[in-house]
Amino acid sequence: MTLNNVTMRQGTVGMQPQQRWSIPADARHLMVQKDPHPCNLRNRHSTAPEEHCRRSWSSDSTDSVISSESGNTYYRVVLIGEQGVGKSTLANIFAGVHDSMDSDCEVLGEDTYERTLVVDGESATIILLDMWENKGENEWLHDHCMQVGDAYLIVYSITDRASFEKASELRIQLRRARQTEDIPIILVGNKSDLVRCREVSVSEGRACAVVFDCKFIETSAAVQHNVKELFEGIVRQVRLRRDSKEKNERRLAYQKRRESIPRKARRFWGKIVAKNNKNMAFKLKSKSCHDLSVL
């Protein structure tokens, strides 16, 4: 996934770097159009060729069989979850805030981030919203976040069981808010580096993802483990639901070409066994819920 540009957005109210949003009486500046279009977005600066290579965040080699002839695509991704689970840290890593002095990054705020990536040979721009608050007075914002996303990252901390239980509640709320839509959702167990403080096992996270029909991944924002894979995955999940069958088949063929032979054999054998064994089918689904390249 190659970084092309980064933009961060916010309303006109000046704020300190570490402040979170509070909702003013007139919150119209928070409203986001449902279908962003390139013409409506602020002009962005492209990186110099050498910077483009140096700051590559790529998931592909140069032998991609898929072109980006249809142009750039925009996806609005919303971070939700309990306070203190690492949502803002994930957002900052995504936006390149930690190395912003070395990047061509225009800082307009702290709660909305925009970044253009190349995943499987095709450009996609993620507009990442990190405006979820847990205070009661922000109920309007909760409802707004539940409605505007093209995809959702429900984040919990593996060191905090209460945040895991809250993540399950948020998945139910999201299902109710978007009943007729097949919205991509990834359950994100953050802080995986804190092994000795773990309260939620990997198997529990996977089981929850299977029950609530979403994907699952564990990350560590502190050491940036699986963060790249997370944002690659959410792009792929949206594409799988939106794009034509033929286009997705080409992407799948590209991914399978890079897959090892032993892994192909295990996947094929697993499908055969699962046909006649419901328990095995559940186990395989649990194992596949972390594969962000398939539905």
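Each residue's number is its place along the chain shown, starting with 1.
Cβ from N, Cα, C; glycine included.
In the three-state DSSP reading, Gln83 (GTP binding site) counts as coil. Sequence annotations record features per position, and here Swiss-Prot assigns GTP binding site to Gly81, Glu82, Gln83, Gly84, Val85, Gly86, Lys87, Ser88, Asn190, Lys191, Ser192, Asp193 based on similarity to another entry.
The feature region 'Disordered' is assigned by Swiss-Prot to 39-64.
According to Swiss-Prot, the region 'Calmodulin-binding' annotation covers 265-284.
All protein chains included, Gln83 (GTP binding site) registers 13 other Cβ atoms within 10 Å of its own Cβ. Asn190 (GTP binding site) counts 30 other C-beta atoms within 10 Å of its own C-beta, drawing on all protein chains shown. Other Cβ atoms within 10 Å of the Cβ of Gly81 (GTP binding site) number 25 in total over all chains. Secondary structure at Ser192 (GTP binding site), taken from DSSP and collapsed to helix, strand or coil, is coil. Most buried of the binding-site residues Val85, Lys87, Ser192, judged by other Cβ atoms within 10 Å, is Val85.
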